[in-house]
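The block underneath contains the structure these notes are about, expressed in structure tokens.
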Amino acid sequence: MESPLIYVSVLLLNIFEFSSGIVYNKDDTEKRFACSNKGFPQENEIIKLYLFLENLKIQCFFQTENEIASKAMLSVFTSGGLAPSLGIMNSTYNGIFHFNLTLFSDRILWLVDIPRENITQSTDIAAVEEWLVRITLHHGLNIYATEGTLLDVIREPILQWTPGDVIPESEISKLYPHVVDLKVTKCPCANDVALLGFIVDTIVDGVYIGITFGGFWHDYDTTWFNMTQTIYSQLQEEYEDLSLVDMVLTNHFLVILTSLGLFVSEDLRYPSRHSLSFSRADFCGFERVDYVKGKLWYNERCFANREHFEVDYVTVTFERNRTLSESSSCFYSQEPFLEWVPCLPHIFKGIKIFPTVLTFLVDQERGTGVYLFYNKVRKTAIASVSTLRNNEPNSQSKFPIFRFPSSFSSPVGMVFHPRSHFLYAYGNQIWLSVDGGNTFQLIANFHDDIIKKTFHSFYTSAITFVSQRGKVYSTKAGMGRYSAVGSVTERIFTLYYDHLGFLHKLTLGRFEASGPPTAFGNSRNLFGQPPDMGFETALAPQHTSLDEIIFFAYVPENEPQETIYSKKFGNIHYGKVIHSGKTGRAYIRKVLQHTTPKGFLSSVIAEMKEPFGLEEVNESSCLSSSLLINKAGNVYKLTLDSQVVQALFEDTDIEKTVVLPGYSSFLITSILDNKNALAIATMPESAPNNMTFLKSTWFLYNFGQRNGRTWKIYSKPCNYWFQHDDSPSLNIVKYIDLGNSYVLKAKVIRNAKGFRMLEIPLLTVFVGNPNLLEVTAEVTFDDTDSYVITISAASKVLHQGSTSLAFIMWSASTECFVTTMVPTLKSSCSYLRSMHHIPSKFIPFEDWISGVHKDSQGFNLIKTLPINYRPPSNMGIAIPLTDNFYHADPSKPIPRNMFHMSKKTGKFKQCANVSTREECNCTKDQKFSHAVAFSDCREKVPRFKFPITQYPVSLEIINEDGRVPLQSPYLVTVTEVNMRHNWKLKHTVPENIKRMKQLVEPILGAAVYNPSGLNLSIKGSELFHFRVTVISGVTFCNLIEEFQIYVDEAPLPFPGHTLIAVATAVVLGGLIFIAFMFQLQGIHPWRTFQRWIRRNQEKFSSISLSELIHRSKSEE
């Protein structure tokens, strides 16, 4: 008893090893929370939340089988102080908010009030991801969770427009008799925002489109528009028979193909007061008969937080052969879709006989164009890939042309699964390419049926195929198996996946979803009961071990060649379950096609989960006798003991299988008489000959279909849990900058009882563009035999781009909610990545508001700038020369504006062309921004005492993973935006930095500094505004940070040097002037001085010694 307990403990520990991960496929799909932000929440409703300019207010209650039980559960939670948490997430964001208990209309509800800026600060109209919301409550060992969506209504582009005249619901129903088909398209980033269009007959003219923001869950969420006049306004002549043909909603544009031409909307991001207008694309030589057979092709990708290399492409194809006057029957364009160019390279334009282009798609991950050609004469299909150069396909193929087999005789088109690199070609077969169109793998063969439509969900990776006969098939992106899920009986319908992956069937006047919230992901009620995927033939089981069995499918000798496929196992049976009419089931692990043994052209290897029921003597009397087996040519003769009278072969024994432990099994094909029958061996090499088997040593299985098929094949229940530890989102987007790497972990946990331990990989990993990043994988089996994979991706080239990284549980059932995870890795700069200056002294935000924050000596560290302030220049404090105003107010006078040079400079930015500061519309963030672009709004700056020496310029990089100090190999340049010069930088220069400086500085023409240990000294006064820029080549990001320092209490300048200089100049000038005047008057001071000296000498020499003595005595 100890071993199971230990095992359970280890299992639990390993399950919670990824503390931040979510385990999928656990069948805990019962939805317990009902929530709404538009009135009182309704029970059993999908959670649809909407974000407007005001706060997001959400009310939730705990729903059970009745109101009394709900209140009882709430009292339990309340007494325990429990309340649910709300997770809001998309591919790059994850926020957690907590509910509070409140009372509303005698109902106990949980309430949360979230300011919009706590979710997003952006209000501009752009392609923005719809958020997923997950409401979770932990109570003991129970985890109650419910998922929903949150749509930012004010930012979604298409919702800001009125594309035509609004049609009342009562009027739209009058069009139903004239509708011949439906077309649906959805927003790439918010799949709950979708458009539904009517294709009408020639009796009714017009383009009629319905727009929903709630994923077609309710009729009242759809607004209908008549766009007829909008389209007619672009036609220069009078036309008739206008109808929608196809449409595509891209990230920023709506493209509509009608019977009278192709029309492209204006940019949806810039709404105006008028209705949405369109421009018409001109295709020379094409008429209505061509347009009604046209198709639009689009590689759906979400461009939220758009990169410069991300752009939408749309292709239009026409079902006609090119003539000498026409350049192509296939055209493509990139946004803004103003110029449509032929899909074929120029080298093919002169060729008269060339295969028809069925589809042309742009693979943005690899930068290629993928073609699907079809030769109607030879009935052959090929795929070709060309490199795009300047957005035009190269005439030379990137890979060798892939030729589909002749069995792919009716190709229809190609499609990329959204946000991935999985490429599907479909028609009477389905082919999958995981390497950009270089090679394809056969997924399904429908023979005389043709797949006409495909529908995709990026969230669950689900794909639905619909054939021209109305049969519906499903698979998961990247998987090599598929299932039949039923059929559609309506003549006019279309399918649609919403943002949470629910499948909807849209018909005239009725929208059906794939089940209530308690049946998440279940599509069976849309298409009836799950179909039996068996086929009309007999199976012959052959045991190979106690838990492994092979089923051989019988093909009669007289079976027509064209119907042999209907008697064989196919790809559809891979991963399914064989059920016996009695008891027993087995999981199909492998499908085999072969030509021997005779009569068996296919087989499956299956793992027995439950033993199959044997025939009893009362069902087959032959079991009461011994059995003699003799070979008779290509068949075997089975003979019963003639002494046992009651033992007889009967017609009901035909297609039953004789099982002999240790030998080949035999399928009975005919009865010769009561004691003799003919059979074929499943394994002739191990078949006995001229051997007798006693009673009870041989057995009979009945897997025949002569008296009604006794076996069935259904989908296998989900057999794996999937967990990843990085984000609650399945479709995360991660940015990898130059020199950086990213690690992603995932775990696959078996949940089947009695499963076999197989040391084989349970995950397959595909990289969309293997040339972009260096991707490595490390796999292990943990103590519970769960499969753990660690993926490391690192940048390796100075090239920006994106690639999808697909994790596929290849052995999982298609019934699993999650079999495929497709994160996107971008070799680029994250929009969340920025550089920040760390102030040397922290000042709380409330002190910034008040403008007072004093240090220990009473010195205020905040300076409120004068109105219309400009920093001084090198010419003096009173002569500012910068264009930047601070604390701008156009209604107030401008100080320091007396000199002509100062009057010529100085320009308002935020306050340009307004008369008061209030009209500048400065936001709170702009008022405290260090950016020079918002200097008009800046009012307060950090204040320091003179002098500033060795001020540490500390910088850090902030991204979604945290904060990292800025250090080498990042190098920076530093400038003062107001052109002040009395400052100096000091930094350490190691040998490696020294070499980089020598290489970079001549190129940049500026000094480069090491950010580690960077110090600043300032000798001037008043405001200094610095900009720090990381040099290019070491990051994809444009990392720029600005900071300001106000230097106050600077002493007056010492005048000694100036006075000495002036005195010296005056003395020298006076001497030079006197010398000039002497020269001008002819006065020679030197000569006069010399004569005076000589006269004195002569006079002194004429006096005698006695006279000198006499003079000295008289003086005494």
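Positions of Cβ are set from backbone N, Cα and C atoms, glycine also.
Annotated disulfide bond per Swiss-Prot: C35-C60, C189-C302, C330-C343, C718-C816, C829-C1037, C911-C920, C922-C937, in sequence order. Residues or ranges marked as N-linked glycosylation site in Swiss-Prot: N90, N100, N118, N226, N321, N618, N690, N913, N921, N1010, N1015. Sequence annotations record features per position, and here Swiss-Prot assigns topological domain 'Extracellular' to 1-1053 based on similarity to another entry. Look at Swiss-Prot and you will find 1077-1116 tagged as topological domain 'Cytoplasmic'. The transmembrane segment annotation in Swiss-Prot covers 1054-1076 and rests on similarity to another entry.
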Rounded to the nearest Å - Cα separation of C829 (disulfide bond) and N1015 (N-linked glycosylation site): 28
Mapped DSSP class for N1015 (N-linked glycosylation site), helix or strand or coil: strand
PLDDT averaged over the residues of the topological domain 'Extracellular' (1-1053): 88
Where N1010 (N-linked glycosylation site) falls in three-state DSSP terms: coil
For N118 (N-linked glycosylation site): DSSP state (helix, strand, coil): helix
Chain-internal residues, separated by at least six, CB under 8 A from N913 (N-linked glycosylation site): none
Number of other Cβ atoms within 10 Å of the Cβ of C1037 (disulfide bond) across all protein chains: 20
For C911 (disulfide bond), the one of N90, C330, N618, C718 that lies nearest, given that the recorded positions are compared by Cα: N90
N690 (N-linked glycosylation site), number of other Cβ atoms within 10 Å: 8
Length of the line joining the Cα atoms of N100 (N-linked glycosylation site) and N226 (N-linked glycosylation site), in Å: 45
Top Cα neighbour of C920 (disulfide bond) in the set of recorded positions C35, C60, N90, N690, N1010: N90
C189, C920, C922 as disulfide-bonded residues, winner by CB count within 10 A: C189
Rounded Cα-Cα span from N90 (N-linked glycosylation site) to N118 (N-linked glycosylation site), Å: 15
C60 (disulfide bond): tally of other CB atoms within 10 A of its CB: 24
For C920 (disulfide bond): DSSP state (helix, strand, coil): helix
Residue among disulfide-bonded residues C35, C302, C816, C829, C937 with least C-beta crowding, 10 angstrom cut-off: C829
Intrachain C-beta neighbours of N1015 (N-linked glycosylation site), sequence separation six or more, cut-off 8 angstroms: Q950, Y951, P952, V953, L985, K986, H987
Integer Cα-Cα distance in angstrom, N226 (N-linked glycosylation site) to C189 (disulfide bond): 25
Nearest of the disulfide-bonded residues (C189, C302, C330, C816) to C1037 (disulfide bond), judged by Cα-Cα distance: C302
Among C343, C718, which are disulfide-bonded residues, the residue with the most C-beta atoms within 10 angstroms of its C-beta: C343
